[in-house]
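Some features that Swiss-Prot has for this protein:
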type	residues	note
ACT_SITE	Asp416	active site, proton acceptor
BINDING	Ile295, Gly296, Gln297, Gly298, Gly299, Phe300, Gly301, Lys302, Val303, Lys317	ATP binding site
MOD_RES	Thr286	phosphothreonine
MOD_RES	Thr312	phosphothreonine
MOD_RES	Ser370	phosphoserine
MOD_RES	Thr389	phosphothreonine
MOD_RES	Thr449	phosphothreonine
MOD_RES	Thr450	phosphothreonine
MOD_RES	Thr455	phosphothreonine
MOD_RES	Tyr463	phosphotyrosine
MOD_RES	Thr466	phosphothreonine
MOD_RES	Ser470	phosphoserine
MOD_RES	Thr545	phosphothreonine
REPEAT	164-187	repeat 'LRR 3'
SIGNAL	1-50	signal peptide
Amino acid sequence: MAHSGNGESFHDPLRGFIQRNCFRWNNQKLILQCFMALAFVGITSSTTQPDIEGGALLQLRDSLNDSSNRLKWTRDFVSPCYSWSYVTCRGQSVVALNLASSGFTGTLSPAITKLKFLVTLELQNNSLSGALPDSLGNMVNLQTLNLSVNSFSGSIPASWSQLSNLKHLDLSSNNLTGSIPTQFFSIPTFDFSGTQLICGKSLNQPCSSSSRLPVTSSKKKLRDITLTASCVASIILFLGAMVMYHHHRVRRTKYDIFFDVAGEDDRKISFGQLKRFSLREIQLATDSFNESNLIGQGGFGKVYRGLLPDKTKVAVKRLADYFSPGGEAAFQREIQLISVAVHKNLLRLIGFCTTSSERILVYPYMENLSVAYRLRDLKAGEEGLDWPTRKRVAFGSAHGLEYLHEHCNPKIIHRDLKAANILLDNNFEPVLGDFGLAKLVDTSLTHVTTQVRGTMGHIAPEYLCTGKSSEKTDVFGYGITLLELVTGQRAIDFSRLEEEENILLLDHIKKLLREQRLRDIVDSNLTTYDSKEVETIVQVALLCTQGSPEDRPAMSEVVKMLQGTGGLAEKWTEWEQLEEVRNKEALLLPTLPATWDEEETTVDQESIRLSTAR
């Protein structure tokens with residue numbers, strides 16, 4: 001990190017400038033620039049601070065002997081919570097680590113104990129050896145510990161008796177010997193089978209929570225009598241249940257489906273025709289969440305490509321923040337949202353999986369991926385989006401949002417609409433995806449206040465400043481998406497600083513319009529297009545991205561304007577007049593100095609978010 005000659009950090013004057021000026025400017029462009037600057041300062045400053053948990057994970061990786069380089073963790077990190085695979089975080093603390101069935105052959109480093117907030121540690125089905133770390137007893141937050149099917153040797157350290165919060169302990173199929181702390185036999189789920197640990201008949205304690213101790217001969221007769229009586233009672237109960245079931249079946253509707261998967265979450269969940277998958281089915285479909293199947297990452301978790309036994313391709317969304325207070329709520333919210341939102345331009349949920357440590361959603365796999373991919377990330381030989389398809393995306397997305405806002409009860413706010421969240425089916429029809437950031441609000445409310453979540457460049461200014469989102473927040477994001485469709489560019493692009501001061505696509509478009517350079521707005525990859533249709537979509541986009549939410553149209557109005565029946569000409573004339581006034585006012589305001597050196601602003605543009613990174 002660069003420093004000035006007097007030892008002052010590069011960020012100090014910039015941070016001071018922001019704090020003195022940004023929050024007293026009532027101007028959309030300057031507000032967005034300030035938030036961008038704050039994001040930049042926060043991200044780059046954090047790289048200078050040591051990350052204890054990140055260092056501990058790197059030590060763990062080294063001790064595991066990751067010869068196949070499965071753990072692509074790097075020392076050039078901000079935090080392991082941002083992008084490291086197999087790591088689950090709550091806030092900025094690691095709470096779960098799942099490294100099962102990974103082919104590791106090393107040892108378990110005591111550095112693992114630096115993960116003070118770890119709740120779940122899964123290392124089963126590897127070839128790890130050596131002694132169990134004594135210091136693991138200090139990890140008092142551990143609830144799930146699975147070290148089964150390895151080659152650990154020695155005894156269970158006495159310090160492990162301090163693990164008072166354990167609910168699931170599996171040390172089976174190891175070379176362990178010696179005694180077992182007495183309190184471990186009171187854990188809800190435990191397994192010491194396949195070891196030489198003292199349990200079973202010799203200790204009169206079971207070796208696993210699912211097994212029973214052998215009964216003595218003095219109790220055999222009583223057991224036989226009890227067993228006979230139980231069988232008779234069971235037969236009577238079974239016959240009674242059959243009668244009740246037949247009577248109930250006549251009355252119930254065919255859509256009332258309950259799910260209860262043994263070994264998973266015991267709660268019964270009814271969600272219509274959704275399929276409940278077992279965790280094993282999901283693991284088989286995704287090759288145990290193999291990183292080679294990773295196709296995306298959002299605010300609530302990673303998305304993997306999967307293949308079901310019937311050869312159906314699916315997209316599996318593994319929620320990353322289940323352990324946080326919002327994790328369970330996020331899962332239930334998404335299930336509820338999809339169950340009430342059914343539209344041809346909305347992504348259909350086909351199933352889910354829930355266990356004590358996992359929340360997973362299963363969607364159809366979209367062969368043509370996302371609009372963002374088709375605009376900017378094509379591989380050699382792949383086909384881009386022609387103008388008719390882009391126009392179809394604009395119309396379909398508008399219809400999908402209109403349905404969420406005006407035809408769902410309660411209404412639904414997406415809150416992260418962008419080209420990357422618009423998927424394309426086999427016929428290149430658009431469907432809105434990623435309802436992990438959606439928010440249900442009561443129809444009697446005009447907005448909902450929550451933490452700011454979304455992608456910088458697509459977030460409406462009032463949402464940035466107040467945290468209040470409404471339908472008009474989505475309208476703003478839709479307008480930016482229209483500009484992405486026309487230009488093929490990102491909502492934020494630092495490379496523009498080489499020629500102008502506008503890093504935001506919205507400001508760049510306004511600049512070109514002032515200079516009457518409409519042709520320069522259109523994506524250079526478009527060889528043919530209708531200039532009148534381009535003009536219409538740009539005008540609608542700018543009406544949708546006005547600074548005041550009250551000035552933005554509702555999505556039903558947007559649909560009408562796109563269809564040519566919404567009075568676009570009159571609204572555009574009014575916008576031009578207001579824009580002229582806004583430009584004059586902007587000239588009287590100070591501007592943010594462009595003091596960022598290109599080499600010091602290497603920030604991943606698609607990853608600049610105001611939500612907690614996962």
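Note that the numbers count up from 1, one per residue, in the order the chain is shown.
Glycine residues also receive a Cβ, built from the backbone N, Cα and C atoms like all the rest.
Annotated features, which come from Swiss-Prot, shown on the structure.
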residue: Thr286; record: phosphothreonine; Cβ within 10 Å: 21
residue: Ile295; record: ATP binding site; Cβ within 10 Å: 16
residue: Gly301; record: ATP binding site; Cβ within 10 Å: 24
residue: Val303; record: ATP binding site; Cβ within 10 Å: 22
residue: Ser370; record: phosphoserine; Cβ within 10 Å: 21
residue: Thr389; record: phosphothreonine; Cβ within 10 Å: 20
residue: Asp416; record: active site, proton acceptor; Cβ within 10 Å: 25
residue: Thr455; record: phosphothreonine; Cβ within 10 Å: 26
residue: Thr466; record: phosphothreonine; Cβ within 10 Å: 11
residue: Ser470; record: phosphoserine; Cβ within 10 Å: 22
Nearest by Cα to Tyr463 (phosphotyrosine), of the recorded positions Ile295, Gly301, Val303, Asp416, is Asp416
Thr286 (phosphothreonine) to the residue listed as 'active site, proton acceptor', Cα to Cα, whole Å, comes out at 26
Students should find that the Cα atoms of Gly301 (ATP binding site) and the residue listed as 'active site, proton acceptor' sit apart, in Å rounded to an integer, by 14
Cβ contacts within 10 Å for Gln297 (ATP binding site), all chains included, total 18
In all the protein chains shown, the tally of other Cβ atoms within 10 Å of the Cβ of Thr312 (phosphothreonine) is 13
Row Tyr463 (phosphotyrosine), column other C-beta within 10 angstroms, all chains, value 24
Argmin Cα dist to Ile295 (ATP binding site) over the modified residues Thr389, Thr455, Ser470, Thr545 returns Thr455
Mapped onto three states, the DSSP assignment of Ser470 (phosphoserine) reads coil
In DSSP terms, the repeat 'LRR 3' (164-187) comprises 5 helix, 7 strand, 12 coil
What DSSP gives for Val303 (ATP binding site), in three states, is strand
For Val303 (ATP binding site), the closest of the recorded positions by C-alpha position, picking from Ser370, Thr389, Asp416, Thr545, is Ser370
Same-chain residues at least 6 apart in sequence with Cβ under 8 Å of the Cβ of Thr545 (phosphothreonine), in sequence order, are Phe476, Gly479, Ile480, Leu483, Leu506, Arg552
